[in-house]
Amino acid sequence: MTFRIEKDTMGEVQVPADKYWAAQTERSRNNFKIGPEASMPKEIIEAFGYLKKAAAYANHDLGVLPVEKRDLIAQACDEILANKLDDQFPLVIWQTGSGTQSNMNLNEVISNRAHVLNGGKLGEKSIIHPNDDVNKSQSSNDTYPTAMHIAAYKKVVEVTIPCVERLQKTLAQKADAFKDVVKIGRTHLMDATPLTLGQEFSAYAAQLDFGLRALKNTLPHLAQLALGGTAVGTGLNTPKGYDVKVADYIAKFTGLPFITAENKFEALATHDAVVETHGALKQLAVSLYKIANDIRLLASGPRSGIGEILIPENEPGSSIMPGKVNPTQCEAMTMVCAQVLGNDTTISFAGTQGHFQLNVFKPVMAANFLQSAQLLADACVSFDEHCAVGIEPNFPRIKKQLDDSLMLVTALNTHIGYENAAKIAKTAHKNGTTLKEEAINLGLVTAEQFDEWVRPEDMVGSLK
């Protein structure tokens, strides 16, 4: 490998000759060999591409950056957004907690690439300075949180929400399709009064509907950008009106409703917006875990479990037991949910680390957030495609378990009283007989009365 010499305020550094990054990026590569290289999320790099381009335009509009430099910076940023420079961002999550080295990685790459675009060569002094031009009116302290918000907002709106909505729609369709399938209910994992399979699935659809609403309700806070606060939130070294103008450009370039933060001190020192939105992702994970767990239990069997629903058989389930098929989509979903719950713990703790004017756990918050948002999206699509759409009732099993249930006796409460109804249920359970047999044997009802009063289809109410 050949090298060139780059300089920063601490001296000279050898840098791979064919790479656009410079001294500070190389120092970070050497100082933080923690985990796989280039673990900084690609979404963060993309977000920096938007904000650096927006900053160049805002600085030009406000008279502090020449148009020639604006256009060269913007051209380099467009290449980042077009994925043409993906191999130029080698840094890891585990670096300074402000994300300073990643900010400088972007500054250096944009600076050197702009110089080459202008006809220069790597190793020459660039006509675009990484700090004075690319980072003009900025600090790592306001750029990295801005990149966090851009990346998180885009991921949630463009990826997570549509994928969860897809699964929610399928579950709502199943609720309607199963509205007349009467089955036994269960509370405390024990038999309870009847409901319809449609009512059961309507709860799942409603859970995701509420989760989506909660997620969308967090977006206005996440749309507020720290850019313009610079080092501690005061806006030092920015031209008047820069914060509003740069947010407007980011909104224009992304097509999303970003605005400047109401309070820059809050935007730098805390990341409550990220904690808040990830809390809604956690809510969805809690709901999805319950849904997937219920479905795998309802499908358990095929002969010795509950077996009230049939789910698609996608692959062999055992290397030793021939013919075994497992609820693999449910297991994958519940593992994803466990990961999201763990990520929420990390993000919540990281959110507490806003010491005075700066939170210094930014990269780990960003990485965990983006992983959660993507995993939930992928898991919802997989679960929908390979499980939910293929769920069907197992009618014989549903009927048998409904007929065998002792909790149908609840319908007799208003006719013979709770204590007499309990006596029928306990006697039938003890003797292994039916409710009807014991109700008649005990002389508490006639056969005709039992048939009239104990009708599962009349016990499910009118609620959908």
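Note that Cβ sites are derived from N, Cα and C of the backbone, with glycine treated the same way.
The active site, proton donor/acceptor annotation in Swiss-Prot covers His188, and the record cites sequence analysis as its basis. Residues within less than 8 Å, Cβ to Cβ, of His188 (active site, proton donor/acceptor) and separated from it by at least 6 positions along the same chain comprise none.
Taking all protein chains in view, 10 other C-beta atoms sit within 10 angstroms of the C-beta of Ser318 (active site). DSSP assigns Ser318 (active site) to coil in the three-state reduction, outside any helix or strand. Per Swiss-Prot, active site is recorded for Ser318, and the stated evidence type is sequence analysis.
Per Swiss-Prot, the feature substrate binding site maps to 98-100, 129-132, 139-141, Thr187, Ser319, 324-326. In three-state terms derived from DSSP, Thr100 (substrate binding site) belongs to a helical segment. Taking a C-beta cut-off of under 8 angstroms and a sequence separation of 6 or more, Thr100 (substrate binding site) has the following same-chain neighbours: Ser140, Tyr144.
Taken from Swiss-Prot, the feature site 'Important for catalytic activity' applies to Glu331. The Cβ of Glu331 (site 'Important for catalytic activity') has 13 other Cβ atoms within 10 Å, all protein chains considered.
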Assigned element (helix, strand, coil) containing Thr187 (substrate binding site), judged by DSSP: strand
Least surrounded among the binding-site residues, given as Ser98, Pro130, Asp132, Ser140, Asn326, when other CB atoms within 10 Å are counted: Asp132
Reduced DSSP assignment, Asp132 (substrate binding site): helix
Count of other CB atoms lying within 10 Å of the CB belonging to Lys324 (substrate binding site): 11
Pairwise CA distance, Lys324 (substrate binding site) versus Glu331 (site 'Important for catalytic activity'), rounded so that it is a whole Å: 15
All-chain count of other Cβ atoms within 10 Å of Thr187 (substrate binding site): 9
Separation of alpha carbons, Asn326 (substrate binding site) and Ser318 (active site) (Å): 8
